[in-house]
Amino acid sequence: MAERVYPADSPPQSGQFSGNFSSGEFPKKPAPPPSTYVIQVPKDQIYRIPPPENAHRFEQLSRKKTNRSNCRCCFCSFLAAVFILIVLAGISFAVLYLIYRPEAPKYSIEGFSVSGINLNSTSPISPSFNVTVRSRNGNGKIGVYYEKESSVDVYYNDVDISNGVMPVFYQPAKNVTVVKLVLSGSKIQLTSGMRKEMRNEVSKKTVPFKLKIKAPVKIKFGSVKTWTMIVNVDCDVTVDKLTAPSRIVSRKCSHDVDLW
């Protein structure tokens, strides 16, 4: 019979252990190469973040960041609340406008007499005007409160020569109110050119003046009263003479409202 030939033992491959495990021997750790240093650090220093010398500083910075974050949150909440209030106010105003359809009162000049203007002297004048203003509130469900701190001025050639105020009163819906005003000026110095121009206008019986009214008002919608608004009335009035009684030759008024 032929003899069996067994393969020879192959040397151990790279990465395989060649130690005798049966005898309990394990391969030793390789020694570090020359010029290599191994530093061992205690575990309590490795996991300590931040290090002890910076711990207090770290706590201060963390506290500041928390405070800043809280301030930002409060400020953002405040802005959001203000924005919501503005939106709600705008919606309420729009609803009231659609329900009531408000219109500004109509104004006209019913009487306008002048006294105290002497064109034959160069001395300062102290003019006086008796003015009758008619206000018509045509709104069906809206009242108007005329507040304090109003102003009424009479101008000639852009020179303020007399002034006064509107009375404080309440004008209900669908109402016509006639207001009598007494306006006066003191020591108004007219130039020679203004006196000459006035004399020429008196001869033609067309002396022009401008009346300006600024009246703070509040509007009443049912039981709701609005904030203060400003009614501005501008009237061009022409009279025939500078003594009472004078006759109105022409008149024209316009108005607008400052909501804020």
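Along the chain as shown, residues are numbered 1 onward.
Glycine is treated like the rest: Cβ placed from N, Cα and C.
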Quickly, which of Asn20, Asn175 does Swiss-Prot have down as N-linked glycosylation site? Just give the residue.
Asn175
Position of peak Cβ density within 10 Å, selected from the glycosylation sites Asn120, Asn175:
Asn175
What number of additional C-beta atoms lies within 10 angstroms of the C-beta atom of Asn130 (N-linked glycosylation site)?
16
Measuring Cα to Cα, how many Å separate Asn120 (N-linked glycosylation site) from Asn130 (N-linked glycosylation site)?
22
